[in-house]
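Residues or ranges marked as active site, proton donor in TrEMBL: E117, E351. Residues or ranges marked as Ca(2+) binding site in TrEMBL: T475. Per TrEMBL, compositional bias 'Basic and acidic residues' is recorded for 539-548. Marked as region 'Disordered' by TrEMBL: 517-555. The signal peptide feature in TrEMBL is assigned to 1-21.
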Amino acid sequence: MPFRLLVPLGLLCSLLPLHHGAPGPDGTAPDPAHYRERVKAMFYHAYDSYLENAFPYDELRPLTCDGHDTWGSFSLTLIDALDTLLILGNVSEFQRVVEVLQDNVDFDIDVNASVFETNIRVVGGLLSAHLLSKKAGVEVEAGWPCSGPLLRMAEEAARKLLPAFQTPTGMPYGTVNLLHGVNPGETPVTCTAGIGTFIVEFATLSSLTGDPVFEDVARVALMRLWESRSDIGLVGNHIDVLTGKWVAQDSGIGAGVDSYFEYLVKGAILLQDKKLMAMFLEFNKAIRNYTRFGDWYLWVQMYKGTVSMPVFQSLEAYWPGLQSLIGDIDNAMKTFLNYYTVWKQFGGLPEFYNIPQGYTVEKREGYPLRPELIESAMYLYRATGDPTLLELGRDAVESIEKISKVECGFATIKDLRDHKLDNRMESFFLAETVKYLYLLFDPTNFIHNNGSTFDAVMTPYGECILGAGGYIFNTEAHPIDPAALHCCQRLKEEQGEVEDLMREFYSLKRSRSRFQKKTMSSGPWEPPAGPGTLSSPENHNEAGEKKPPKQKISLLSCPSQPFTSKLALLGQVFLDSS
């Protein structure tokens, strides 16, 4: 049975009919063009406020109109907002910011940085901007996309994270000093998401630079988590990366775990890796068996499956979007509608929501303008065209503007019960929340490309097709063009094909030589004892055991996805030849 993975967004979902016009409060349909402009105005109000009041700090403090460093002193909001600029069509500002980042960002600093956050925001943001540079009119250097200043910056940032992976288990520490490596007193306890959220960025980096170390460490971390799952197939919330023992044994789909599951699916799609998808599908069975109650997902004890926390977390709202990527549209919509009712109740999603009580949880009443529910709405709207999803977009624009807009940007909502504000605007507001809102209301954006247009690019390894769609968003909403992963490998693949052919030739030649000697010296020739007898010595180890055959990669994998993987019904790609 041939293996087919779901292809996100552009390659399939834009083939589906889109219904423009969702009923508004007065019975009218929200106009996508109107809300698209409203979202664009939101972006520039926040972005301009950051530039005027906070740059070069990481983030804007909107209530005091100043800035502060949060995740490492990288001018983080500028990196996070860069690809959003292009999605909104602002190529001139994109070009300016690329130059600013090259001149101002330095990773050789004595700063303790989150390995997880640096990867998804900095490495992911720079990789995405690098791959979009040509579309943005940046004059790229010879050899792009296999070289370029933003790629070198991404590689430098990622190398600063590698010492964190030097543990007995291969699972990384949560924090690393960018100048000195892991501090001697660093805690070995890391959340599951902080271990399993690297394969999208690191595999892309390895493919573009030719250095396999990034993808290798990301895969080892993923596998160690898989091997650490409980007998009932669940993973906990925090684990000791030195011993591999679970420290927090609550299992769910939300905070501390979420993007591990997300990256199994997105890594499978990006790399066309059936093992990663099989791992997720096994987890999905356990999640449905033990954590799903109706169309809600609770937290349970990872070894027993007993309920430990009957709460919904705002971070869990990514789940319907992830379900849409594997074609589980019906369940995705049911869960989405549950989450949407919580939004309607408060004008946002509280960090924790007690499901039996139908209300917020003490000290978890805030909403930091997170993107997850909007993200799911965007995915599901591309897959179904259901107008209810546009209603969520309309509600998000109206409530965010009404509650959190201040003179210097948009402020985190400290308490959804009374709409008190907090003095912070996280960088993901411009990287994710605004971006997903805009894409929800912009059906013709290049991100939604169905493959009808593309760019042919000459690289040192031959011609490559880019910009044909099928972008994979990392967990910070930075889009990665999957075709780019093949642009810098073709020469190596062709060389491997030639080496394989040469080995087969010399193997055959040796076999014929042995056959001639045998027929001349020991009588009539007899057939080999079984299959594989004529393999070359290179296919065996020193103990004489046969090695598994080397998997060959198709040389035709660069231009586009297989045509059969574009066939879909309501967002679901057929997973077999039927």
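Placed from the backbone N, Cα and C atoms, the Cβ positions cover glycine too.
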Spatial neighbours of T475 (Ca(2+) binding site) that are distant in sequence (at least 6 apart) but have CB under 8 A: I120, G124, T197, V200, D258, S259, E262, Y263
Inter-residue C-alpha distance, E351 (active site, proton donor) and E117 (active site, proton donor) (nearest angstrom): 19
Long-range Cβ environment of E117 (active site, proton donor), under 8 Å and at least 6 residues apart: W71, G72
